[in-house]
């Protein structure tokens, strides 16, 4: 049952994290009449602008997080970022609070160690070789054992912060320092992974719903500086590789438990598929689904967490997204060229309405459909290039 917002019978959902992905989740919740409460560490975050009300707290502060949940008494608590006091969510779930998809899934995926050990050691899924390191001495030993090239990531980071590829042993010290600076906790444990010389990488959006497990068409993407720049759907792949990918995604999602959409990241080399990471929430590369599917990843997530069925997912054809990236410092961001960006048929824009910028920041995304993937990517890139960010 869903009541009307602001009434006694309202269904209340609290978003922990109010960025561009949370904004789309908030919009989909509102389409189904859910009362939305946004929570983030800064004011006027994108999802706050479309929520019924919002709060600014440090979500890594266990007492502050518990206090806001106890104040609002939401029926659903939906983590949309990793930087949250997850142990508090575990405790509150045991007290009866509904954490999406589960508090365990949120805690396991908050850091790379929990999910990697689940995938490789508990589920026995194929992954790259890896070591976890607390000190620079352990780090250097791990590099010697794995060899170069190898990939270094903070155990806790997001959006590519602190990640680097070591191609020469002489880069080790710099990579260690960069990883320490990029971790969400201000330094600490890192993972050293063997470099998989993959042919391509995909995000397989996997939905756990009341009527079973569902898959979106695979999404290909290009990364730069640890963050995505373009994504496209569908990524061409053989039936054999797709079946392997779906089997891996199913095992991970079922092990994590709960209802919702999960972004499962996989490497593909030949006919082999390797597990990389998983997010128990919509994925940034999945922004392409705003134009590529009848139900976007955000609509699917909301249906699933509300316990609603998903009869089918229709994919419209070759589609792409291209990031609108800017660099500078301003709290008065404006945009020009929007008309030019929307001149081509089957193009759309999403401007995230972020309140400020200090450095490099993703401010929007261009979306396009065309006759084939290359044409869709080209159209999305062209559209994105026409949007001029004014400070």
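The count begins at 1 with the first shown residue.
Every residue, even glycine, has its Cβ placed from backbone N, Cα and C.
Taken straight from Swiss-Prot:
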| type | residues | note |
| --- | --- | --- |
| BINDING | 20, 21, 80, 284, 354, 361, 362 | N(1)-(5-phospho-beta-D-ribosyl)glycinamide binding site |
| BINDING | 112, 153, 158, 159, 160, 161, 162, 163, 193, 194, 195, 196, 201 | ATP binding site |
| DOMAIN | 117-306 | domain 'ATP-grasp' |
| BINDING | 265, 277 | Mg(2+) binding site |
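The most densely surrounded of the binding-site residues 80, 201 is 80 (count of other Cβ atoms within 10 A of its Cβ). Listed binding-site residues: 20, 21, 112, 195, 277; maximum Cβ neighbour count within 10 Å falls on 21.
DSSP gives residue 361 (N(1)-(5-phospho-beta-D-ribosyl)glycinamide binding site) a strand state. Residue environment of residue 162 (ATP binding site) contains 24 other Cβ atoms, counted within 10 Å of its Cβ in all protein chains.
Residue 193 (ATP binding site) counts 20 other C-beta atoms within 10 Å of its own C-beta, drawing on all protein chains shown. Per-site Cβ counts within 10 Å over the binding-site residues 265, 284 peak at 284. Cα to Cα, residue 277 (Mg(2+) binding site) and residue 20 (N(1)-(5-phospho-beta-D-ribosyl)glycinamide binding site) are separated by 21 Å. In this structure, 361 is the one among the binding-site residues 354, 361, 362 with the smallest number of other Cβ atoms inside 10 Å of its Cβ. Rounded to a whole number, the C-alpha distance linking residue 162 (ATP binding site) with residue 21 (N(1)-(5-phospho-beta-D-ribosyl)glycinamide binding site) is 22 angstrom.
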